[in-house]
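J.: One structure, as structure tokens, below. Some questions next.
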Amino acid sequence: MHRDSCPLDCKVYVGNLGNNGNKTELERAFGYYGPLRSVWVARNPPGFAFVEFEDPRDAADAVRELDGRTLCGCRVRVELSNGEKRSRNRGPPPSWGRRPRDDYRRRSPPPRRRSPRRRSFSRSRSRSLSRDRRRERSLSRERNHKPSRSFSRSRSRSRSNERK
């Protein structure tokens, strides 16, 4: 029988399998709780499996008993499958497509736009010293012929003046 034809309450998701997902070990562990229809272990990407039971009560017992146990060398997450297929491209969840575009814009700008603005804003604030202070710095650099030292000194002086 095909793995998608089982009712959801018979289908169990097994997560956190790592790369060592072993069909035989899963069949043995889950078969203890009742007859299985099938066991499917993901290979690309690895790390999860689906186990189908004949009876939904057996699936519920397996979830209750095996969640958090060690199988195939890993502490696994076991839960009833919710039936949603995940896309391989790991794009935005399907619910994002349902939201009207105008509504999304009203809530907040996209994250990509927000962080460069924040950065440029903080830069402009840190550079917004008065023109007199900028002149003071450039004059002290010319006098001392050691730009890095005089720059750091004048910078620390201006900070201490602001605090007082």
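Placement of Cβ uses the backbone N, Cα and C atoms for every residue, glycine included.
Sharing the record's features from Swiss-Prot:
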MOD_RES   MET1  N-acetylmethionine
DOMAIN    10-83  domain 'RRM'
REGION    81-164  region 'Disordered'
COMPBIAS  107-128  compositional bias 'Basic residues'
REGION    119-164  region '2 X approximate repeats, basic'
REPEAT    119-133  repeat 'B-1'
COMPBIAS  143-158  compositional bias 'Basic residues'
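Looking at the shown structure, can you explain where the listed features end up?
T.: Across the residues of the domain 'RRM' (10-83), the predicted structure has a mean pLDDT of 95.
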J.: Per DSSP, what is the residue tally for the domain 'RRM' (10-83) in helix, strand and coil?
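T.: Breakdown, helix to coil: 21 helix, 29 strand, 24 coil.
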